[in-house]
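S.K.: Quick one: this structure, given as structure tokens, is what I'll be asking you about.
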Amino acid sequence: MHIHQYEKLWLGLSLLLIVGFVATVTYGAVGTPAISMIGDDGDTLNPNAIDDHPEFGDPGVEKVGESEYAAYVVARQFMFQPDPIVVPANTTVTFYVTSADVIHGFSVVGTNANTMVIPGEVAELTVEINDPGEYGIVCHEYCGNGHHGMEGLLKVVPADEYDGGDAE
Amino acid sequence: MNEGMVSADDGATHGDLERSVSAPPDQADVDRTLSHEEFDPKGTLALILVYFAILVGMWVFMYFVEFLGNGLTVVG
Amino acid sequence: MSTGSGAATFVDRYPEEASIVRQAFFVAFVAFGLGALFGVIQALHRTDILRFIPSTDYYTVLTAHGVLLVIVFTIFFLVGLFQWAITRSFDRPVEDIRITKAWLALMSVGSVVTGVTILLGFVDEVGISADVLFTFYAPLQAHPLFYAGLAVFLVGTWIAGADWFRSWLAWNAEHPDDRIPLQAFVVLTTMLMWYIATIGVAVAVLFFLLPWSLGLIETVNPLLTRTLFWFFGHPVVYFWLMPAYLLWYTVLPKIAGGRLFSDPLARVVFVLFLLLSTPVGIHHQYLDPGIAESFKFIAMTNTMFLLLPSLLTAFTVVASVEHGARQRGGTGLFGWLRALPWRDPAFTGMMLAGLMFAAGGFSGMINAGMNINYLVHNTLWVPGHFHLTVGTAVALTMMAGTYWLWPQLTNRRLYSRPIGLLQVVVWFGGMALMSNAMHVSGLYGIPRRTAEPQYQGFDFSTAFGSVAELNVQLAIGGTLLFVSALLFLANLAFSWGNPTTSGLGQTLPPALSGPDDSPRVLDNMRLWAAIALVLVALAYALPLGAIVADSGLFGPGGDAYPVTVVLNSVAVTAERLTASVGATLADVGGVLEVIR
């Protein structure tokens, strides 16, 4: 097979590019902080039985450690519960997000906190939250003809202003 | 083909601009004929090296500035 | 009749096959016109520039836009082009024209049924709707006719593939020692990929979604049907792309005045697409709960290696064009670019399409980058990306290719080359604006697939400029694209008024480095199909197994969410649907008579 020497050079560069991309992604996955993908750690549950679920039956934020919080969020046509989600600043928050009906999205606007929300599955994502502030939350997957109105709010309040309870 | 057809050649009415295709029907009227051995695509190599540099630069910018510089990294 | 300088055209030599190609193109272009109309409605609506539908109907428009353009337009163009390529490169008529007509009819009926079901979403009284978008994720549920039409369409494409394989076998029996011509090679490898890819969507539709929409099964597993969709959903993008590649590899060098640089490398590229297109679909599910990170990593590495055939293509195609430029007298490191036939819309269209593919390739690399996907997932960045790839690399190449091919299918000149040139340039400009605005908006977190540009509780923050400016840019771009689409369709329609002319035929020159320079094993379709199947099994057996083990074939429960609001009895709806399908078919039939 005749391959022109320039083509051999380009083949080499292409492979270098590919290996470079894989290496960058791997660096992101094992570097500091190590970026973790949404995985299969979450439970499965029947979306019709969500109201009886110990956590999702009354979704909200719980303190689970020294500066660690768990936020249970239910996405349903066409809202997020709770809304707003209130967490204290300078903490580690794990969001557990599930759907009561169809497939939704959960994206904290302007950040990398982003997941699909699939009925029957629980999406689990942990983020470190530093400064106080407000973020919009959007559903980014089409979920029915009211989809464009499906939004929420994430409020990060100073630790001393946090009342420790559910926002609802 | 039917009798009423006009030939592509007897086309004073069909100037070059109206030719539906510009490619020569065969390769006879090229300036010169280059075989595989006598053709080094050095212009292609130059263009593709420029593309390579753009790809690498943009990748580094997107990954390390836009992505890693963005808030709320998912760590678990 | 006097003979011109040109050769006999395709329609002179194969009138029946040319008729099939024209009919397939006709359906493609009708879908293209409708899809473009729905596109501009969206571009103006979601930017709040001009609105004439309620936001709830936006999703009917979006579903129609997606299905008409990426299923009907692209795939009908593909079957037309592939029929031309098979007949031309084997230089033999179809084995049995009735079969060929049958698959075209099946595909058309399926498209009309699915298309009408979607469009009935505008008429609430009918109670039929399929506002489930191109991805039809369960448990949103469309009317059963949506899935049924899709299934009929798929069967049509399978028979089309079988028809072409039959041509190959017949040709091979007469030419046992010949290498498969490159165009036929592209068709055969692409169809093998299609057979493998459609396993996913066929299982999802036939075993789960269709019986579920008919009430035969209670529940489906949303993660499973979604994964099966993406099993099909990534290779389908290469299915759209392969007709463009066929034109870039075999027609573009000729239009440029040169010859394909390397036939052997072209074969390697198409084999790589067959092998790697399918075991990558999970990269659309990087942010899905229920799929382990390790499977996502495997999909990521496979996807990155899938860049290789496209990167190799960039070199081979540009080198072939450079060969043309140098044969036309071009000189210098970059000066040869001036020696190219830029006044030819076929040439300029394909070159601009290729340029946009280079840009779309980059945003695709970002999409493929697993963790960086957090930044852009389901934002407007993603449609920004695929409007560069399928929306330009594919669609603009198809339009440009039509300028070259149409005279050879009809013996009529194109109505106007300058309008053609304007059309491809306007498409490029419109897409540059729209796609740029979409990419940037995506980086600000603005989601895709939504009817409204803003939310009540918060504003999108921008690094520079404003969301309003981006919206204007998007809307101007979308409008230019619509104008370009109209120019294309009008140019083609007016061409029908030109007198028939002889001698419009074009021949395709052989490659500089021909097929005999490559090992024969490249032509072994059985081998590549087998390896492709093994790779798919390796990539998908474990994730699919894990999904079923976790939540069962039919999921952990949950209701169906029909997008249909049933206002009338089933009998009335069926009657109305039959009437409207019948009327549409009659219209299509009438125009087809003319085209034929």
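Cβ atoms here come from the backbone N, Cα and C positions, even for glycine.
Sharing the record's features from TrEMBL:
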- C:25-522: domain 'Cytochrome oxidase subunit I profile' (DOMAIN)
- C:64-82: transmembrane segment (TRANSMEM)
- C:103-123: transmembrane segment (TRANSMEM)
- C:143-165: transmembrane segment (TRANSMEM)
- C:185-209: transmembrane segment (TRANSMEM)
- C:229-252: transmembrane segment (TRANSMEM)
- C:264-284: transmembrane segment (TRANSMEM)
- C:304-325: transmembrane segment (TRANSMEM)
- C:346-366: transmembrane segment (TRANSMEM)
- C:386-406: transmembrane segment (TRANSMEM)
- C:418-438: transmembrane segment (TRANSMEM)
- C:474-494: transmembrane segment (TRANSMEM)
- C:527-549: transmembrane segment (TRANSMEM)
S.K.: State the residues, same chain only, that lie 6 or more residues beyond the ends of the transmembrane segment (C:304-325) and have a CB under 8 A from a CB inside it; answer 'none' if no residue qualifies.
M.R.: 245, 248-249, 252-253, 255-262, 265-266, 268-270, 272-273, 276-277, 280, 336-337, 339-340, 351, 354, 357-358, 361, 365, 368, 512
S.K.: Counting only residues 6+ away from its ends, which parts of the chain sit with a Cβ under 8 Å from the transmembrane segment (C:103-123)?
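M.R.: That would be 20, 23-24, 27, 31, 57, 59-60, 63-64, 67-68, 71-72, 75-76, 79, 129-131, 142-143, 145-146, 148-157, 159-160, 163, 563, 577, 580-581, 584-585, 588.
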S.K.: Do the transmembrane segment (C:346-366) and the transmembrane segment (C:386-406) share at least 3 Cβ pairs closer than 8 Å, excluding pairs fewer than 6 residues apart in sequence?
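M.R.: Between the transmembrane segment (C:386-406) and the transmembrane segment (C:346-366), which are separate recorded stretches, there is contact, as judged by 3 or more close Cβ pairs.
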S.K.: Which residues of the chain, 6 or more past the ends of the transmembrane segment (C:264-284), have a CB below 8 A from one of its CBs?
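M.R.: Contacts of the transmembrane segment (C:264-284) (Cβ under 8 Å, skipping residues fewer than 6 from its ends): 182, 185-186, 189-190, 192-193, 196-197, 200, 227, 230-235, 238, 242, 245, 249, 291, 295-296, 298-300, 302-303, 305-306, 308-309, 312-313, 316, 367-368, 370, 373, 511, 513, 515, 517-518, 522-523, 528-529, 531-532, 535-536, 538-540, 543.
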S.K.: Verify whether three or more Cβ pairs under 8 angstroms connect the transmembrane segment (C:418-438) with the transmembrane segment (C:64-82), leaving out any pair fewer than 6 apart in sequence.
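M.R.: The transmembrane segment (C:418-438) and the transmembrane segment (C:64-82): touching, no.
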S.K.: For the transmembrane segment (C:527-549) and the transmembrane segment (C:418-438), decide whether they are in contact, meaning at least 3 CB pairs lie under 8 A, counting pairs 6 or more apart in sequence.
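M.R.: When sequence-distant Cβ pairs are counted, the transmembrane segment (C:418-438) does not touch the transmembrane segment (C:527-549), since fewer than 3 lie under 8 Å.
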S.K.: Other than its close neighbours in sequence, what residues sit by the transmembrane segment (C:474-494), given a CB gap under 8 Å and a spacing of at least six beyond its ends?
M.R.: 29, 32-33, 36-37, 39-40, 42-44, 47, 49-50, 399, 402, 406, 414-416, 419-420, 422-424, 426-427, 429-438, 441
S.K.: Would you kindly list the residues that approach the transmembrane segment (C:185-209) from elsewhere in its chain, counting only those six or more residues past its ends and only Cβ-Cβ distances under 8 Å?
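M.R.: Answer is 82, 85-86, 136, 138, 141, 147, 150-151, 154, 157-158, 160-161, 164-165, 168, 217, 220-221, 224-225, 228-233, 235-236, 238-239, 242, 245-246, 249-250, 266-267, 270-271, 273-274, 277-278, 281, 523, 525, 528-529, 532-533, 536, 554.
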S.K.: When you scan the chain for residues with a C-beta under 8 Å from the transmembrane segment (C:229-252), skipping those not six or more beyond its ends, what do you find?
M.R.: 70, 74-75, 77-78, 81-82, 85, 135-137, 182-183, 186-187, 190, 193-194, 196-201, 204, 260, 266, 269-270, 273, 277-278, 280-285, 313, 316-317, 320-321, 346-347, 350-351, 353-354, 386, 389-390, 393-394, 397-398, 400-401, 404-405, 508, 540
S.K.: Across the whole of the domain 'Cytochrome oxidase subunit I profile' (C:25-522), what does the mean pLDDT come to? Round it, please.
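M.R.: The predicted confidence over the domain 'Cytochrome oxidase subunit I profile' (C:25-522), as a mean pLDDT, is 96.
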